[in-house]
């Protein structure tokens with residue numbers, strides 16, 4: 001079974017490409033069905049976040065070109081648009097890549113924990129669509145185990161830094177005393193939950209949470225003494241807030257330039273701080289052209305995030321060692337499973353030959369053959385049958401100069417020990 005990973009991330013592709021390659025929840029069922037058909041893979045999983053889209057495939061090692069064409073077609077892109085930003089990992093490199101992603105070593109924010117939850121969600125979604133089998137299931141479980149060891153045995157998770165944390169950190173550049181500011185959070189997912197927590201820790205006391213589902217908005221808002229509203233109510237409240245941070249799975253922008261312009265007039269040009277964490281973007285890019293609006297995307301957060309990376313570099317080196325060990329453990333598991341499978345087939349073949357020769361001997365006995373003659377014929381026939389195919393392959397290997405085959409045979413049957421123990425002609429006499 002070959003493992004192939006294809007993807008783009010914040011290092012290889014700008015947000016303009018990433019948002020077009022992101023998978024929306026509404027199209028996941030369609031994506032799984034088409035992906036497996038296009039790739040010929042027996043197992044598949046899809047990870048789609050604001051910073052990366054990755055496809056994990058178990059099956060044909062040559063599926064990368066067909067998957068690239070499918071990915072471009074599914075998102076209505078030219079293949080050329082993706083070729084220069086797409087990376088491909090195979091087999092052990094793909095295993096290492098997944099483990100590094102899960103541990104946060106490949107994230108924009110080194111060591112950030114959210115990606116592990118997102119990877120678990122991707123695995124659950126693949127299982128929900130019956131897209132995984134024993135191979136990917138074993139890989140995901142091993143990956144989660146390694147990520148847990150990285151989290152508990154290194155300092156990679158200390159000094160919390162994330163896209164959510166970086167967003168709040170940047171707000172301090174605009175507002176020195178954030179206790180005077182009111183925040184509007186658009187969305188109610190895990191990232192927005194983190195944003196709300198960091199804003200509260202930074203001193204923000206007034207919250208609005210807007211979401212497509214009012215109940216979710218209210219639940220998150222009430223946890224921080226705020227108010228939940230529907231997305232359609234945002235224009236009514238926009239002029240009252242100073243900070244807008246958005247992270248939804250909407251395929252279309254939620255906040256447009258016109259709505260912000262009208263709110264600015266009511267605010268008498270008091271500044272807005274906005275961060276659009278979503279991919280595809282929730283806030284129209286044209287909003288950035290407005291005076292008194294400071295709009296940032298996930299790519300703009302890179303500088304803030306890089307300042308925090310240095311504190312985690314030592315822990316990252318320790319994490320890499322744990323991951324190397326995890327990769328080796330997984331490969332050892334696969335080899336052990338392959339050995340079990342091979343031995344099972346080997347035994348089945350031997351038992352089949354035994355049954356054939358036993359039936360011959362029984363027929364001979366029923367026909368009146370002397371029992372000793374029948375037994376000797378059974379032993380001779382079974383020996384010949386068991387040794388015929390290995391003998392043919394050994395002769396072929398020797399003719400081709402592949403001496404390692406005979407070395408393997410000598411090791412399997414301990415022939416050197418047998419030769420050493422065999423008595424000489426004189427001893428036999």
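From the backbone N, Cα and C atoms, a Cβ is placed for every residue, glycine too.
Residues annotated as substrate binding site in Swiss-Prot, with sequence analysis given as evidence: 49, 50, 51, 52, 107, 112, 113, 114, 118. Annotated active site, nucleophile per Swiss-Prot: 50, in sequence order. Among the features that Swiss-Prot reports, site 'Important for activity' is placed at 97. Swiss-Prot lists 187, 188, 189, 190, 191, 192 with the feature NADP(+) binding site.
Here the features listed in Swiss-Prot are painted onto the structure.
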| residue | record | DSSP class |
| --- | --- | --- |
| 50 | active site, nucleophile | coil |
| 97 | site 'Important for activity' | helix |
| 107 | substrate binding site | coil |
| 113 | substrate binding site | coil |
| 118 | substrate binding site | helix |
| 187 | NADP(+) binding site | coil |
Of 49, 51, 107, 118 (the binding-site residues), the residue whose Cβ has the fewest other Cβ atoms within 10 Å:
118
Tally every other Cβ atom lying within 10 Å of the Cβ atom of residue 189 (NADP(+) binding site).
17
If we count other C-beta atoms within 10 Å, could you say which of the recorded positions 97, 190 has the fewest?
190
Would you give the longest CA-CA distance, in whole angstrom, between residues of 49, 50, 51, 52, 107, 112, 113, 114, 118, the set recorded as binding substrate?
15
Taking DSSP three-state, what's residue 192 (NADP(+) binding site) in: helix, strand or coil?
helix
Sparsest-packed of the listed binding-site residues (113, 187) - C-beta count within 10 angstroms:
113
Just to verify a number: CA distance, residue 118 (substrate binding site) to residue 190 (NADP(+) binding site), in angstrom, no decimals.
10
Counting every protein chain present, what is the number of Cβ atoms, excluding its own, within 10 Å of the Cβ of residue 188 (NADP(+) binding site)?
25
Give me the CA-CA distance between residue 188 (NADP(+) binding site) and residue 107 (substrate binding site), in Å, as a whole number.
22
Which whole-number value in Å describes the distance between the Cα atoms of residue 191 (NADP(+) binding site) and residue 50 (active site, nucleophile)?
10
